[in-house]
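In what follows, a structure is listed as structure tokens, so that the remarks can point back to it.
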Amino acid sequence: MSQSRGYLDDNPELESALEWAERWYHVPVLLVLLGFMLWNRVRSWENFIVDGEVLFSGNDAWYHYRSTQYVVNNWPATMPFDPWTYFPYGTSTGQFGTLLDQIVATVALIIGLGSPSEQTVAMTLLFAPAVLGTLVAVPTYLVGRRLGGRLGGVTAVTVMAFSTGGLLQRSRVGFSDHHVAEALFQILGVLGVMVAVSAAARDKPIYEQFIERDIDALRDTISWSMLAGVAIAMYLWVWPPGVLLLGILGVFFLLRLCLEYVHDSSPEHTAIAGAITMVTAAVVSASRINVLEITATAQSLLQPGLALAVGFGCVFMAWLARFMEQREYGQYVYPATVFGILAFGAVLMAVLTPDLWSFFTNNVMRVIGLTTSETANTVGEASPLRNAGVLFDRHGFAVIVAGIGGLILLGKQFLSDDAPAEEMLVVVWAVFILLATFTQRRFAYYLVAPIAVLSGMVVGRFIRWFDFSADDGIEYYQVMTILTVLLVIVVPLFAFGTTPVEAGSTGPGPSIQGWDESLQWMEGNTPAEGAYGSGGDATLEYYGTYERQEDFDYQEGQYGVLSWWDYGHWITTRAERVPNANPFQQGTETVAPFLVAQNETQANNILDSTDEDDAKTRYIAVDWKMAETNGNLNGKFFAPATFADGVEPGDYYSRMYIQSQDGARQITFQQQAYYETMTARLYRFHGSAAEPQPIVVDWENKQTRQGAQYRGAPTNEQEPEGQRQGQIVRQFESMEQARQYVEEDATAQIGGFGDNPSERVSAMEHYRLVGSSETEAFPNNPRYQSSAWAKIFERVPGATIEGTGPANATVRAAVQMRNPATNKTFVYRQRTQTDQNGNFEMTVPYSTTGYDDWGTDEGYTNVSVRAETQYQFTAIGANNGNRTGFTGATEVTEGQVIGEDDDAATVELEPVTIQQGNGTSGESRTPMTEDAAEAGA
């Protein structure tokens, strides 16, 4: 007997306390861990309250808010169709308006005593991910306990509590997306199947018991299997693409039943549990079908169909096993036959239904194929996880321990005849989720659960080897062993990378705050949907109920707002306008080519090809990220350039690598094609013409030690070694000097940096800046000239200006505009040629007067960006045989610009004296010269 055992015999009260602690220690520990998880996720909640309003993080959270509010208004119904996004078609919301939104709406209704305010709904949704993220720990503990006892369960929750991976990031307050609900209901489904197959292994149900209606013997297997099916269906209700879990279970049952036959065990018991589980999942999920087609993005025929296929497979394999047992086939004939039938079926599907075959193979490769498409690479969460070291940074040694645990369980399946089926399920689940994570980094929020339970299993079973119990006494080395193991797993989570406390701190982010000002401006200063051109109230009910349809018929006065798909939900919920594209990636086939269109005519044709006759795209919203080509600065220009057909990002900009104090740094410089795009012409130049400046970008072609070619800064041989990086941007006194330098240097180009094109960019005639956010993008960076974060442009017919001046001369027009949001000015410029009689005509998008005559009450825009001058015109021509300057000025009314006044503005250019060194003189002389510095807007 050990000394501690003898000491306990002499102290019965202490022995009783230790026995109680051994039995119940996990309860207070779990409560502390759950408390920490909840606190760590909610402690930054006040950051999301801005000026009394809730601002969510990310994009999808905003559409969940809309979906949840709809359920509150129409409980428990969800939104069948939404015309408030994807103009001019509208869309059904397959992955929104799901069980998650119904749960949050129900809680909001309870909190609001049946009539919650919008603020109550928003606050409920704000905290939902933190609560759900904490609840994930409960099934994680239960799974960990099944594999490694109570200590295994506690260890699993400990790993989950202190991991800084995708689950923490997506379960913090404010990140009100469906991801954390996916993780919760997926592990509930896995837990349900674990219990079901374990009950089947214990009770050993067979076919004859169903014939004899032996309910007592079948009760546990049937009950647990049906509950598992319900849990799986609930997961599919939360996220229809969760058919991934059905695939995982299909592979598990396939491998497990084959393995049981090889080990001379009847696969019938497990097959019965599988069949009941999958049929239940099929029936329950079928109750939510809203699309009679095969698609993974909505509640369709796919979910119940695939579940039934797995269930049928279980029944078939059970029958086949009996058939072969009766004929005494060899043990390996069974798996060979099964896989042969599957191979034949796959070939048959590929030949007879190639579209269906492509659907399944493409989706499998997209989720677990370790490959990704170019367009998917533009989406952060859909891009692959290329650096495996990230897993160690997020989960510490738990990743390694979990890997060891997986190998132990896998080896046990092949070496032992009585290895539990639930252990194999966990291994298959972990492998698939690991593949999914490396294929799309978004699935990292699933991965923490397999890592946690497998590491918990290793710790729990390792400690069991030391036979730690109060009955045998507590030895010093046993206590130290437990502490050492736990410290090895937990400490790296704090020692390396971001600590869980640091990772738990968050806020809505600068993007939504930068955009929100412009969207609030849009809501208050543009016509309501249905009132464009006529005034009055909206004719499109914001929370209306609309029948599901392929193409919504928008009415006269309803209109779309074009922006990149990232911002679609913000436009819907914050501006209450209809975006052309949304984060469902709908509308990219229109928006992407528009944003990279090389001229105004091409862009207009793109819109005209999709717009309806009586419902048009009226506004364009562009932010600095859409115009930024450097992805390292969060630029998004590469995205539409990737989505658009026939072009690629390299057509618009090039990368250069330079040395800085922080090491090698990537910068980008633009080609002329970039400055011709609608994105650049709108955001950088506000539709104005832009002239090249005597600025040259210089580089040098270099290569790495491996022989890869790249562009780097030019080398200055006059500087000492290590300091030879030359100038990248060179400023010249004239364009002639700049062009001469480029002619003599093949690795240089005029412009391409900031707002400096290589060639002239012509003016736009039908797009004008009407409003913007007050928040500026990089106010301390001269590259952006303190430009507004997001800018709103209106598509207008434009006003016609007719005039006379010198014959066959170039006429230049300019008007100075002021954006009150940033209190900055810019100059809109355009030029045209007079004919042989001196007549000219141009169309301009900006008015100079009459703003108050045409506002939202009349169905038009309350224009904030207004002129400070008349349109001023200059020309150089001949007068009595001498070169003479001509000037003139005119007003353009708002009615003329928006098409309510068909009369043309007129101007007559009068000759003025050209003074040496002073330009033109006279009352009409303009201070806005061609090379005037732009202040930005």
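Just so you know, glycine gets a Cβ as well, placed from its N, Cα and C.
According to TrEMBL, the compositional bias 'Polar residues' annotation covers 913-927. For 49-490, the entry in TrEMBL reads domain 'Oligosaccharyl transferase STT3 N-terminal'. For 704-724, 912-937, the entry in TrEMBL reads region 'Disordered'. Per TrEMBL, transmembrane segment is recorded for 23-39, 96-115, 121-144, 151-171, 183-201, 221-237, 271-289, 301-320, 332-352, 395-411, 423-439, 445-464 (among others).
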- Message: Do any residues, 6 or more residues outside the transmembrane segment (445-464), come within under 8 Å Cβ-to-Cβ of it, and if so which ones?
- Response: 136, 140, 143-144, 147-157, 159-160, 163, 165-171, 179-180, 182-183, 186-187, 391, 394-395, 398-399, 401-406, 408-409, 426, 429-430, 433-434, 436-437, 481-482, 485-486, 489
- Item | Beyond the flanks of the transmembrane segment (23-39) by 6 or more, those residues with Cβ under 8 Å of it | 130-131, 133-134, 137, 141, 150-151, 153-154, 157-158, 160-161
- Note on the structure: Same-chain residues at least 6 beyond the ends of the transmembrane segment (423-439) with CB under 8 Å of its CB atoms are 143, 147, 190, 193-194, 197, 244, 247-249, 251-252, 255-256, 259, 366-372, 384-385, 388, 402, 406, 409-410, 412-413, 446-447, 450-451, 453-454
- Beyond a gap of at least 6 residues from its ends, the CB atoms lying under 8 Å from the transmembrane segment (96-115) belong to 60, 63-64, 66-72, 75-76, 78-79, 121, 124-125, 128, 178, 181, 185, 234, 237-240
- Note on the structure: Mean pLDDT across the domain 'Oligosaccharyl transferase STT3 N-terminal' (49-490) comes out at 89
